[in-house]
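*Asks:* Below are the features listed in TrEMBL for this protein:
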type     : residues : note
DOMAIN   : 9-155    : domain 'CSC1/OSCA1-like N-terminal transmembrane'
DOMAIN   : 509-747  : domain 'CSC1/OSCA1-like 7TM region'
TRANSMEM : 12-30    : transmembrane segment
TRANSMEM : 78-106   : transmembrane segment
TRANSMEM : 134-154  : transmembrane segment
TRANSMEM : 452-472  : transmembrane segment
TRANSMEM : 527-548  : transmembrane segment
TRANSMEM : 560-583  : transmembrane segment
TRANSMEM : 626-650  : transmembrane segment
TRANSMEM : 671-687  : transmembrane segment
TRANSMEM : 693-715  : transmembrane segment
TRANSMEM : 727-753  : transmembrane segment
TRANSMEM : 759-780  : transmembrane segment
C-alpha cells in the first residue's frame, strides 16, 4: 500500500495542483457574477483596485497589511500574525531542506539498498545514505538547526501572544474589571449571604451582580423576545417595501387615468390597465393590512414576554437600581471608551460592507413599539412602581450558583481572580469574567449535580467517538492494503483501450500512462473518502461539547480546538505511524496481538522504520485534506445552500442577510488543522525532508484562502474575539513544542535502527536536545507565567515594546516617505541609552552573545512593525495612553458595568 502511495505521488501532486490553479483562475469570475455568495463581506474598497488585482486575488490578499485585520477583531489580527510567522519558519525549514538535506540524501547513494527505491521521492530520504557514512553528520547538524529555529519561534510566539494579551487587558473593556464566581455553595442562596462570604476579600469590590436563580427561564424568555423582535424588523421591512410599491402603483394609476382622459375615454386597452392597476393596489393594501395585524400581534407577544420577566424580577426581589442609572445600551464613559471601541470600532476610511436593515429600521421599529406600549402606560407604571423596592429587600434576593463581582480597577480584578475564597478550592471558584456578549446565560446558572451528569455523558460519548474513528481507520487501511492491487489491475484493464497492457510490469506509451492513472486513483479515491469522513469530526465534536454547557463561548471554542487536535494527532499521527507494526505480513491484515510480542527495543525499531515508510501516506492525506479541500472551500457550498434556501425557497431577503451575517470564521477548526499538519509533519522533518517542502506549499495555499475568507466571506463577530480568558492560541503555541518533541523522538528512533558509533552519537545528541529544550521551555514559560493571567502596570516604563534579541540592532521600519517615525526615534534613543549604560559598566560581549547575534532569526520583526506603524492599526487593539491600569471607576462606570453583567432579559424588559 505504501508503495502505491509513493508511485502515485507525482501524478497526485500534478493533478491536484492543476485543479487548484483552475479554481484560482475561475474564482474571480464567480465572485464577479455572484458577489452576494462568494464575497458577501466586501471589506476592502474595490473602487481603486485595478483589474489585475481583482483577477489575481490571491496576490492581492497577501499584499494587504496586517493592520487591516484589526477591523475584523483582535483574534483575526493575531491569527494573521501567527500565519505569517509560521510561513517564515517553514520557509526557513524548507530552504534548509532544499539546499542541504535533499541534495545530501540524493547524492549519498546506498549501494546495498538501491534496488528497493521505487521513485525519486524515496531517494531523498535518510535511508538513501550509506550505512555509517560521514554524511550522517549533516542531518545531525540540521536537527540542531531545526531545534534552535523552532525554539526561537516558540519564544517569539509566546512573546507576541503576551504582547497582544497585555494590549487587550490594557483596554477599557468590561471583562477587565469583573471576576466570575462559580460553584457557589448550596447553603449560600441569598445575596446577603454571598456578601458575607466575600467579606474577607471585599476590599476593592464595588458591586456584586448575582446570576438570577431562575436564569434558564429568563434565557428562554429572552431568546423568544429576540426572535419576536427580529420578526418585527422583518415585518417593518416588508411594510416599507409595500408602501414603496403602493406609491409606485398610485403614480402608475394616475398616469393611466390621465392618458385615458386625454384619449376621450375610448381606449379599451387603457381601461383594462386601469382595472388591473386598481386590483394590484387593493392587493397591496390587503397585504399591508395583514402585516399591520401581524405587527400588532407580535408587539402584544413582546409585551407579554416583558411582563413575564417583570414578574420574575418582582418575585425574586432582583436588584435593578443600576439598570435605571446606566446608559442603554450600556457603555463606558467617552473618556475611557475612546481608548477602546469594544462595540463599534471606528472606521478611518470608507468601507463597503453588506447593508443590513438595522440602524434606521430598528429606530423606526422602536418608535412603533412605543406607540403600542403607550396604550398600556398605566399598567407599565404600576409594574415599575412595584419593582422599585428598597435596598433592604434586595439583600434577601435569592441567587443562582454564579455571580459577577465588579472591582474598582483592573489590578484589583486581577488580584481577586487569584485569591482563594474558601478552604474548598472547587467551591466556590473564581475565574476571569468573559466578555458580556460571550456569556451563555442558559449555562451559567447550572447546578453542580447537572454538571457532573453532563460531564459523564460527554466523556462517554467522546470515548465512543474515539473508538469508532480508530476502528474505522484500522479497517480502512486493512481494506486498502488487501485490495489495492486488485483495484489497480482492474483499472489498468479498463483504461487499456484495446491495448495489451500487463499490470505490474514497467511499460511505455499509453499502457504506462494507464498504469500511473490506475495507481493514482487506487490511492486517491480511498483517501478522499477518508478525508470526507474526517471532515464530519469537527461538526460532531461541536455538538458533543454543547453537553458541557460552558458559561462562556470562548471556553467552547478552546475545548473544541483541544479535543479536535488530540483526535487528529492520535488518529492521523501516532496511530498512523504505529499501525503498520501490527500488520501480519502473511495475511496482510491487522493483528493487534502482535504488539504484545515486541520488546521495548523492538518497538522502538519498528517505530523508527515506520517513520520512513508512512511519509507517503501522510503526504497523500494532507494533499487531499489541506491542499485540495482547503481551496475548494472557496466554492462555498454552505453559502450557495443558504442563497437557494432564502432566495428561491423562502424568498426572504431579510432572512438571507441575517443568515449571511451569522456566518463567522471557524478559528478552532482551522487552528487545529494547522497544528496537526505542523506537529505530525515534524515527525518526518529530518528523515524525509520533502514533507517540509510540501507542507510549506500547502500551508501557503491555506493562508491565502484563510485571508480571503476572513476579509470577504465571513462577518466579524463580537463573539469570536481575543479575550482575557483562556485562549486556544496558548494551546497552539504549546503545540509547537509538542511537534519539536515528536521530531526529536522520531529521528532518534530512526537512528536507533542503525548500528554504528555515528548513530549512537546522533541518539546522544537527540536526547541532549530533548533535555535542553525542556529546560528552555520551562524558563520561557516561567518568564511569561504571570503575564498570561495578570496585567502589567507599567510602573517602570509606560511602553509596549518587544525586544527578543538585544544583541540585534533595532528595526528601522520606515513609512512610505522613508521618514523616521516617532517610534523609530524612540527606539534609537533607547538604543543609545542602552549603549551608554553598558559602556559605563564596561560590559564586554561574550562568545555566546556573539553567536546568538549571528544566528538569531527574529520572525516577529515584520508583523509587529506593521502592526505598530500602520495608521490603520488603531481599530480594536489600541493601547491605553492616559488611562492607567490602576485607574478607578466612577459611580456611573460601575452602573454601566453592572448592567453589562446583568441578565439581558432584565435589561431589555426595563428599557
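Every residue gets a Cβ built from N, Cα and C, even glycine.
As the structure is a computational prediction, the values presented were derived from the model and not from experiment.
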*Asks:* What stretch in 78-106, 626-650, 671-687 has the biggest tally of Cβ pairs under 8 Å against the transmembrane segment (12-30)?
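*Replies:* Answer, by Cβ pair count: 626-650.
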*Asks:* What parts of the chain pack near the transmembrane segment (727-753), using Cβ distances under 8 Å and only residues at least 6 beyond its ends?
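*Replies:* Answer is 78, 82, 126, 139, 143, 146-147, 150-151, 153-154, 157-158, 161, 165, 554, 557-558, 561-562, 565, 569, 573, 577, 604-605, 607-609, 611-612, 667-668, 671, 674-675, 678-687, 759, 762-763, 766-767, 769-770, 773, 777, 788.
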*Asks:* Looking at the stretches 452-472, 626-650, 671-687, 759-780, which one shares the most CB pairs under 8 Å with the transmembrane segment (693-715)?
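*Replies:* By the under-8 Å Cβ criterion, the transmembrane segment (693-715) pairs most with 626-650.
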*Asks:* Can you tell me how the residues of the domain 'CSC1/OSCA1-like N-terminal transmembrane' (9-155) break down into helix, strand and coil by DSSP?
*Replies:* 114 helix, 0 strand, 33 coil
*Asks:* I'm checking region-level scores; what's the whole-number mean pLDDT for the domain 'CSC1/OSCA1-like 7TM region' (509-747)?
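*Replies:* Summing pLDDT over the domain 'CSC1/OSCA1-like 7TM region' (509-747) and dividing by its length gives 78.
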